[in-house]
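According to TrEMBL, the features are:
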type     : residues : note
ACT_SITE : K91      : active site, charge relay system
ACT_SITE : S166     : active site, charge relay system
ACT_SITE : S190     : active site, acyl-ester intermediate
DOMAIN   : 35-484   : domain 'Amidase'
Amino acid sequence: MSQTSSPEPANTDLTRLAAAELAELVHSRQVSAVEVTQAHLDRIAEVDPAVHAFLHTDAENALATARQVDQDLAAGQAPASPLAGVPVAVKDVLTTEGTPTTCGSRMLEGWLPPYDSTVVRRLRAAGLVILGKTNMDEFAMGSSTENSAFGPTRNPWDLDRIPGGSGGGSSAALAAFEAPLAIGTDTGGSIRQPGAVTGTVGVKPTYGGVSRYGLVAFSSSLDQAGPCARTVLDAALLHEVIGGHDPLDSTSIDQPVPPVVAAVREGATGDLRGVRVGVVTQLSGEGYQPGVLRSFHAAVDTLRELGAEVVEVSCPSFQYALSAYYLIAPSECSSNLARFDAMRYGLRVGDDGNRSAEEVMSLTREAGFGPEVKRRIMLGTYALSSGYYDAYYGSAQKVRTLIKRDFDAAFENVDVLVSPTTPTTAFRLGERVNDPMAMYLADLCTIPANLAGNAALSVPSGLSDEDGLPVGLQVMAPVMQDHRMYRVAAAYEVARNAAEGGPQIQRVPQADWSAHNRAQSEVAV
């Protein structure tokens, strides 16, 4: 739909500030945390009926947290963290005690977890204000947030387009100025791809760098929580809050959080001399939208101008990453989602006392899972079945090893690798719903880092000269060397902002939200 100008909303000055700026105002007591929180709650009330970034908001607890931050500061206490008092949105795949966690599925509609995930617990301990839970593709399976059982999220840059997936709600909330920070999860690109198409920053930390405890599993060897923000510094500040070893997660790496905030401050000087950047030849070329490629090549030129040495790098196994992923992830999904059996928690259908447990389970899974989840469960079950395990799942794991070796070989010669984050800009809602392969190709560039466990992020790299929609630059780093990619991304961000006269995100069109909301209401009636 076309976007038209409209009056700026109340509290726009607060909702448009970066998280670091908000924190400075709150900690110096120029603005209260309650004022900041209320401004964002007001913004959500105004625009979210059109965007649908949130599945659940919790104004009462958010304001209570904000009041506590203000009271502590008034009493002379130091802030609990550099982000204390700053609002944050959380993808609805991370458990929140006493607050609904649905994973975008009817299977968990109304479920109230009895405990916080480690990420959420760390947010609370750091004094961040949790606004609510964001929309997502069901059980994180999708690339457009159209697979949510509760309706799609829309891209604030163009309300007729997708915000990416599976975590489109988190990135859309940032782009619509409903939240300055968000938490996402990334299994095959679900933080970075939404970040790219909404013009925001999305970070997949090293696998094991942020705890998965309380993250409802899709693919356990790939799932990774991470920060979403509007600036690289904000992402780094949030990364340091949620990162670090967690004994409750057996895959957690027992090492300190990489010095990502220090790396951002170093990168912000704009000096990349001594940094070697590798351009992955397999992740750009035929099949990519021309405007995306032009943006990528311009970004590489900028890195070169900042002093980086740029070389081409070949990672031959990357061409098989998509195929390997769609055998490994569904296989793990088939196992993980077996827990939804109508016996322990979640939806239960047909339990009238006349049916067997097997019949109730079958009816429940039929009613509770959407088409994409069913597709992946069936694919994974097939890949793991007797007679096919070695040919499919076993072969995919061998490809995964080769991809990891390609990364290791590349990082012997370069500090970071770069590519476009996505092959195209945001496509239209409904455009790929009936074409799974076209949908899966949206994650072509992001999947390799998941398979290898490396760190990767997406930083805005301008607007496509074809459709005026955001494009992302992906920067990848070795395991537990996340700070390398932050330094490069920060330097690039500063250069782009200087060239364009300010952050790209501030150019998000102001939609006529009220007109769109009325139109949506008429359709519903």
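Keep in mind that glycine also has a Cβ here, set from the backbone N, Cα and C atoms.
Separating the Cα atoms of S166 (active site, charge relay system) and S190 (active site, acyl-ester intermediate) is a whole-number distance of 5 Å. Separating the Cα atoms of K91 (active site, charge relay system) and the residue listed as 'active site, acyl-ester intermediate' is a whole-number distance of 11 Å. Under 8 Å, Cβ to Cβ, and six or more positions away along its own chain, S190 (active site, acyl-ester intermediate) finds M136, D137, A140, S143, G164, G165, S166, G167, G184. Counting Cβ atoms from all protein chains shown, S166 (active site, charge relay system) has 36 others lying within 10 Å of its own Cβ.
When secondary structure is read from DSSP and collapsed to three states, K91 (active site, charge relay system) falls in the strand class.
Confidence annotation: the domain 'Amidase' (35-484) carries a mean pLDDT of 97 in the model. The number of other Cβ atoms within 10 Å of the Cβ belonging to K91 (active site, charge relay system), over all protein chains shown, comes to 32.
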